[in-house]
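**Q** First the structure, which I've put down as structure tokens, then a few questions once you've had a look.
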């Protein structure tokens, strides 16, 4: 092998399942006889522990789902609203996803509905799209099938069924985090603490409050299940049936996760890098790690075929890394362990994997036609300061809160709930222990087959090392982009809860401190119960009243201006009309009225991005003729101007839509740190309200209220002043 670790692990390949299953009970019986316990007593004890742990996990998930449902009802008064008012609560891209769910239910048959989505020409003017592929509508396909197949039409309204599935998935999400922490620590007390921290820090762990139908709310529960199964799969001395179960669950959840979210392969790439580092330091069974790589490969291939030959999966960094690992493995050589040559070859192996992966990814992108989120690559360049741009879309993305560095409030909230201090403590102890283990491996010391509590070597457990690496990588991303905190913070909750509830972690710490006054094992067991109990009581005292207040306090979400606008469109606008306006509003119009629109709030298509920028010109300093030409090029019949965008004040000057348009159009000149505005035309959204020529020649106002102004795009232009 290239290193002593790889050689050791392959020599210590797992024994035949039947053998290991036979040996385990014998060893346990010997241990129990020494302690004076009968095998029957131990079996009952283990069953009771498993039963109550599973009951607590399932109950936690169900209670969280009920909590979300109750909070949603209190926030939006959902049950007392009309259908139109309910639909308005879906904003931006959420409105688009739910609108396609509605269309599927209205279709004469499921097959016809799918066909209309894959050949959709009734959503965006002058454009036929495969909505299933472009917007990853598999969740909506599944929800519509379940709704119709279960005969729920007479029992529950479609909107309740839809959000009920999402809330149910969030319950599964919490249950999976519970199980992961339980598997790592050995006590379901860690699972309870994980759930408590997750709910208390809900602002930073999930976006379910703001965007129910978003892809991540459908996908991340499956990823959490995959992580829970992977945690069990990586454990040492796992019995055969449990290993097979974990392997099958990793398979199923990985594939499902990839089908639910277009960006899933990026998150799996981060996970693959974690496993690569774990294997490089010879801290896990190599065969198990490569089995996971094969699962990635299978999921990518099946995903490519079922996602209408999605080329983004072929040029993904995940595929390049997995193929590079497979190729590099075939080139490994058998070298005597603990030699200078074996260590040198290990370094060369890591270098080879990285080189092959980068080269392969470059070649794939060169030869495979793709539009794999090129704007994301440009965004990363600008974000890292490698480039500057006046492009409206790039600057608009840079101004989004989710793409900014996390604020101080984020860290303050995690500290107030005691999550961040305990996470840092657990992470430091685990990191030092892992560093010690790596140093021992370099020196040629083999890993122990079974790590006992008194050993104080938590860094020798592969599942722990994996989670440490994984949270560090996700944490680095979260420090760059605030939106990534929704991927990182749930696993911060899980790792911190595992640590404070794990006797092994406390024992590792006491080994370093060389405690002599108190027996370290006894103290570790006491602290692993006392510390989480104290944390739990303090969280209960401080945060439980706040949560109950949230559930009892009636909030009001009512937008009469938007309701009036949608009602006017449904009553007065022709069925074949095309509306133009901000992409976010167009999503709501499409959902609430079904009318065709000129743009959508989607950012994975270059043509749609260009459309969005062009339509946004209604808030720029352009002439009436320019705006008229833009709108007629997209066959728009009606223009909707939002007063909130036209008169936007905004907390950050330079990030308002009109500021970004002025920069992109060259209507702002920067000299010695000062900005000077220049354009021979006034701002279109202001000027058109004045009702003077030439604006009235091109546009006719047909409806207005406090928030919206609707103008008909004239088909016959009159130049009378």
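Yeah, the Cβs are placed from backbone N, Cα and C, and that goes for glycine too.
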**Q** Of the residue ranges 464-486, 487-509, 556-578, which one carries the transmembrane segment annotation in TrEMBL?
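**A** Result: 487-509 is the stretch TrEMBL calls transmembrane segment.
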**Q** Which stretch, out of 521-540, 581-600, 601-620, is listed as transmembrane segment by TrEMBL?
**A** 521-540
**Q** To which of the residue ranges 222-242, 243-263, 348-368 does TrEMBL assign the term transmembrane segment?
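**A** Going through 222-242, 243-263, 348-368 one by one, TrEMBL gives transmembrane segment for 348-368.
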**Q** Pick from 133-151, 152-170, 266-284: which range does TrEMBL record as transmembrane segment?
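**A** Matching range for transmembrane segment: 266-284.
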**Q** By Cβ distance under 8 Å, which residues at least 6 away from the ends of the transmembrane segment (50-71) in the same chain are close to it?
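**A** Residues 163-164, 167-168, 170-175, 178-179, 182, 188, 191-192, 195, 198-199, 208-209, 547, 550-551.
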**Q** Grab the same-chain neighbours of the transmembrane segment (182-200) for me: Cβ-Cβ under 8 Å, and only residues 6 or more beyond its ends, written as numbers and ranges.
**A** 49, 52-53, 56-57, 60, 64, 67, 174, 228, 231-232, 235, 417, 419, 463-464, 467, 490, 493-494, 496-503, 528-529, 532-533, 535-536, 539, 543, 547
**Q** Within the same chain, where does the transmembrane segment (487-509) have neighbours whose Cβ lies under 8 angstroms from its own Cβ atoms, ignoring anything closer than 6 residues to its ends? I mean 6 or more beyond.
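**A** Distant contacts of the transmembrane segment (487-509): 173, 177, 180-181, 184-187, 189-191, 193-194, 197-198, 201, 204-206, 220, 224, 227, 267, 414, 419-420, 422-423, 425-427, 429-430, 433, 451, 453-459, 461, 467-468, 470-471, 474-475, 477-478, 520-521, 523-525, 527-528, 531-532, 535.
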